[in-house]
Amino acid sequence: MQIMLCAISNIASGNCSEDCKYCTQSAHVKTDIQKYRRKELSQIVLEAKMAKKNEALGFCLVTAGLGLDDEKLEYVCEAAKAVQKEVPNLLLIACNGMASVEQLKELKKAGIFSYNHNLETSKEFFPQICTTHTWESRFQTNLNAKEAGLMLCCGGIYGMGESEEDRLSFRKSLQELQPFSTPINFFIANENLKLQVPRLNADEALKIVRDTKEALPQSVVMVAGGREVVLRERQYEIFQAGAGAIVIGDYLTTKGEEPSQDIIKLKEMGFTFASECH
């Protein structure tokens, strides 16, 4: 079985105006995460080279904040062009919040392959985890990305206190979008966050992967944040459950599995790594 590996570069971190209860980058909570307006292009390129060395096909340029403005758009485009020049075989993904069709077309021109903007959860449950913007505005950005000609990466976070009905509603909304890839994150509580709920267990997490693949058979199911903590020694069972991709290395503000450890284990299990996108 061939799987896709993706890596993340947090190129603008923290001080986000939004009040998403699951996120340590929100200015509404006090955390000790690194905060910076922009990462040096040379550092982004270095991280891209490391990602490629670690068998990654996807490389995601992530910025904190509600969405794109002119300055941030220019910066993400600069970063994309810099990475493309030095590491031409990576598929570039942008994750920059709300964006118009015109802004997304500019990203595509700069070499962005796919846009990631998660719905996070169901339309019904969303107001309980965020009050500073609407679920509908997130959905619209995904429609904008498709109109701009970008591939779509859209998923969300499980284990925030949502019901089984919420999960079903959430997946129905994803079915409307039919994303190229759909990331699954498992919420891990942080003492500084307002959201304090029991952690999912491994059986629940694997059921979520199975249910997602059943709902979205044509999408690449990607297991991302929380994989190591929630699934522990069972984390590689995700592929039997229907996953076709994982995020390797660190996440936005939390540590991930060392890329080399993932690669060693996956090779031992007989997996190969995608080097192009079908």
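Cβ from N, Cα, C; glycine included.
Straight from Swiss-Prot, the features:
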- CYS16, CYS20, CYS23: [4Fe-4S] cluster binding site (BINDING)
- CYS60, CYS95, CYS153: [2Fe-2S] cluster binding site (BINDING)
- 1-227: domain 'Radical SAM core' (DOMAIN)
### Task
Determine the minimum-neighbour residue: among CYS60, CYS95, CYS153, listed as binding-site residues, which Cβ has the fewest other Cβ atoms within 10 angstroms?
CYS95
### Message
Other than CYS60, CYS95, CYS153 themselves, what residues in this chain have Cβ atoms within 8 Å of the centroid of the [2Fe-2S] cluster site's Cβ atoms?
### Response
CYS6, ILE8, GLY58, LEU61, VAL62, ILE93, ALA94, SER114, TYR115, ASN116, HIS117, PRO183
